[in-house]
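Student: So TrEMBL says this about it:
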DOMAIN    24-123  domain 'Acyl-coenzyme A oxidase N-terminal'
BINDING   T129, G168  FAD binding site
DOMAIN    265-422  domain 'Acyl-CoA oxidase C-alpha1'
ACT_SITE  E407  active site, proton acceptor
DOMAIN    462-641  domain 'Acyl-CoA oxidase C-terminal'
Amino acid sequence: MNSYIKPGDNPLLTEERKKCQFSTDILAAFYHENAQKIKRRHEIYQYYLENKELHDPEPTEFMDRYHRLENAERKVSLLKKHVKKAGSPLGLHYTMMIPTILNNADDEQKAEWLPKAQNLEFIGTYAQTELGHGTNLRFLETTATYDPKTQEFILNSPTTSAAKWWPGNLGKSSNRIIVVARLISNGKDYGPHSFFVPIRDPITHKSLPGVTVGDIGPKFGIPTVDNGFLLLNNVRIPRRNMFMKNAKLNPDGTYISPKHAKLAYGTMVYVRAVMIRTMSHMLGLASTISIRYSAIRKQGEIEAGKGEVKVLEYQTQQYRLLPQVARAWAFEFAGRYTRKLYAQFLGGDVDVLPALHGVSSGLKAVVTHQTAQGIEQCRMACGGHGYSEASGLPQLFATAVAGCTYEGENMVMLLQSARQLVKIASDVRKNQKPTKQNPVTDYLYKTSAATKCKIDQTTDPDPSSVIEAFEHVARRLTFAAFDKLEQLKQRGISAENAWVQCGVDLRRAATAHTRTFIARQFSNGILEMRDLPVQAVLKDLLQLYLFYEVLECDGDLLYDGYVIGQQIEYSKNNVYEALRRLRPNAVSIVDSFDFNDRELNSVLGRRDGNVYENMLEWAKSSPLNKHDVMPFHHKYLGKMMEDARQQSKL
Ligand SMILES: CCCCCCCCCCCC(=O)SCCNC(=O)CCNC(=O)[C@H](O)C(C)(C)COP(=O)(O)OP(=O)(O)OC[C@H]1O[C@@H](n2cnc3c(N)ncnc32)[C@H](O)[C@@H]1OP(=O)(O)O
Ligand SMILES: Cc1cc2nc3c(=O)[nH]c(=O)nc-3n(C[C@H](O)[C@H](O)[C@H](O)COP(=O)(O)OP(=O)(O)OC[C@H]3O[C@@H](n4cnc5c(N)ncnc54)[C@H](O)[C@@H]3O)c2cc1C
């Protein structure tokens with residue numbers, strides 16, 4: 001029932017696929033939400049295969065940044081002709097420019113800007129972070145001073161540290177951007193607001209008067225994105241270029257406050273809510289690459305004389321890789337929840353914003369961190385070839401790990417999530433009931449139902465016993481942090497300083513709370529699956545996820561005796577049992593992520609498993625190998641060795 005088998009595939013991979021005990025098509029449709037999306041994915045891939053102009057002229061790993069950016073822009077300009085969604089030089093256009101217009105533009109502005117943005121008549125980005133400030137938005141320095149005489153804003157970067165710094169596609173691609181600047185009107189500073197600012201001529205693409213813009217240089221990864229810098233010197237824009245759906249400014253300069261103080265932060269909440277799926281996909285890509293490769297890589301005999309085995313036979317290899325598959329599924333289910341909540345907010349339910357901010361902050365931090373860790377684990381589990389750019393894993397890691405920083409640095413986001421927990425703890429301590437139902441936090445109002453955990457020795461462990469254990473830990477850590485805050489304040493320490501002195505405890509509580517949320521979403525998410533063989537695979541993945549997480553937080557569980565050592569032993573056995581049950585289907589489970597060879601961009605993870613011959617082809621295509629002897633060899637090493645030989649004759 002594995003539809004990924006094709007003639008000419010590596011027989012070691014085919015034998016894996018022949019063991020498949022479920023429908024990969026059904027599991028793939030469940031992961032991507034429906035069969036129609038799978039069909040569309042295959043159409044796009046087929047179209048890509050048929051249109052050679054969409055292919056890279058050579059492996060991009062061998063290109064310098066200049067040619068990588070040029071190649072990316074070339075493909076994007078072609079993609080516009082072919083498919084709606086485009087690639088990296090438009091990344092920020094789709095993930096932030098358009099959502100900001102949807103989120104912050106009033107109807108008239110939407111009518112003017114949205115069609116042009118969707119039709120790619122301009123390219124935009126979201127320029128908020130400055131050289132001197134990224135987290136602390138209240139201290140952003142760029143100013144937008146209103147001139148009622150001309151009904152214009154004058155934008156300025158008052159200092160060097162006010163330079164916008166990092167926005168993706170700002171350096172060379174974008175020409176109409178969102179600038180987040182302090183709104184100053186009639187001498188009053190209203191703090192950061194969003195403005196629609198042309199920075200390059202629409203025809204010549206030259207930077208406009210008063211605009212200094214460029215690329216910030218090479219980064220840890222993501223070489224095809226021109227993250228840029230921007231300095232503004234008395235750049236004038238019409239009053240109506242301030243996004244006015246939420247806050248407004250009248251022609252005479254009077255300010256009208258938004259319904260909710262944080263509506264201006266909506267785009268960031270949007271990206272945090274939707275990037276969870278992107279992270280799930282990245283972890284799915286890495287586990288596809290590493291599990292396919294582990295199924296064809298033979299190394300070492302288990303029993304002497306019986307021949308080398310696939311490294312996937314080692315329990316340690318399964319323990320390194322299969323939990324990443326389980327987490328990719330867990331993050332997909334968690335991301336569905338935050339996307340649904342965001343849709344509710346975008347539909348006009350502003351009241352949902354605090355809950356959405358609370359859950360998306362913690363989720364973004366935990367998911368990006370575990371995704372990056374997981375990709376690195378997959379890379380390391382592929383030995384030397386995992387370290388080669390041919391594997392696709394180094395670039396995948398470098399791209400994913402940026403998610404720990406952008407859209408709100410992870411530590412800061414966990415502390416934002418902790419704000420919500422502390423407020424609830426305060427309510428509980430005052431015996432106040434929740435003002436409105438929130439399935440994510442309601443458990444905090446309950447005392448731990450059982451004083452003892454229900455994890456026991458069984459072949460069919462009950463997920464609720466683990467979720468209750470996670471709730472117990474999150475509650476304990478939340479109230480411990482809250483009580484410590486209160487004690488510090490009672491000793492006369494300010495609330496702000498108490499908060500800083502409890503930072504690590506607060507971060508731990510937020511992490512435990514987020515773990516509980518993800519586990520619950522995963523457990524609920526698989527209930528929709530009606531096909532029994534697929535349901536069995538999902539139950540094994542859930543079991544692996546839950547008990548792997550138990551082992552990750554065993555100290556917190558044992559801390560107050562809620563769990564005893566024997567139950568940790570049961571949990572280990574549940575992990576090993578899940579690995580054993582998942583092993584025969586491992587390749588088919590990652591096949592069901594349905595990532596094609598273009599998305600995988602990996603010699604190790606190719607669908608056909610023909611790694612070695614393609615590894616050699618890949619290496620031979622390196623520009624270095626156009627020369628048998630490098631042109632500079634005799635100038636340096638050759639001369640050095642010749643001199644040494646002459647020297648030794650003396
Ligand atoms: C497809 C993708 C692929 C992925 C592709 C993506 C490509 C890359 C995109 C990267 C783009 C970027 O990085 S764009 C730049 C991203 N930058 C950031 O995310 C900046 C992070 N910093 C912030 O968001 C803010 O400074 C905070 C939240 C840390 C602090 O804000 P603040 O205004 O000082 O608020 P603070 O005092 O902490 O809290 C006051 C009250 O406001 C609430 N509050 C704070 N923020 C929010 C919020 N957003 N929504 C609701 N409520 C909020 C708090 O809960 C609190 O409520 P109460 O407790 O009082 O009730
Ligand atoms: C690849 C990439 C793409 C990006 N794209 C964009 C973009 O398109 N648009 C845009 O506007 N920005 C973008 N950014 C910028 C990004 O949003 C910021 O880097 C991020 O918000 C963190 O801000 P910062 O870098 O100034 O770090 P800082 O805010 O200086 O934080 C540095 C460190 O200090 C600590 N810290 C800071 N504040 C606190 C606190 N309150 N409590 C505890 N610890 C704290 C944290 O450990 C943090 O890591 C991008 C960044 C990257 C790496």
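Any Cβ shown, glycine's included, is placed from N, Cα and C.
Bear in mind that the values here come from a model prediction, so they are computed numbers and not experimental data.
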Student: Here the recorded positions are T129, G168, E407; which one has the lowest number of other Cβ atoms no more than 10 Å from its Cβ?
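Tutor: Comparing Cβ neighbour counts within 10 Å for the recorded positions T129, G168, E407 gives T129.
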Student: Can you give me the Cα-Cα distance between T129 (FAD binding site) and the residue listed as 'active site, proton acceptor' in Å, rounded to a whole number?
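Tutor: Checking the Cα atoms of T129 (FAD binding site) and the residue listed as 'active site, proton acceptor' gives a distance of 10 Å.
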Student: Which whole-number value in Å describes the distance between the Cα atoms of G168 (FAD binding site) and E407 (active site, proton acceptor)?
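Tutor: Their Cα atoms are separated by 12 Å.
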Student: If you run through the domain 'Acyl-coenzyme A oxidase N-terminal' (24-123) with DSSP, how many residues end up as helix, strand and coil?
Tutor: 77 helix, 0 strand, 23 coil
Student: Can you check what DSSP calls T129 (FAD binding site), collapsed to helix, strand or coil?
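Tutor: Going by the DSSP assignment, T129 (FAD binding site) belongs to neither helix nor strand, so it counts as coil.
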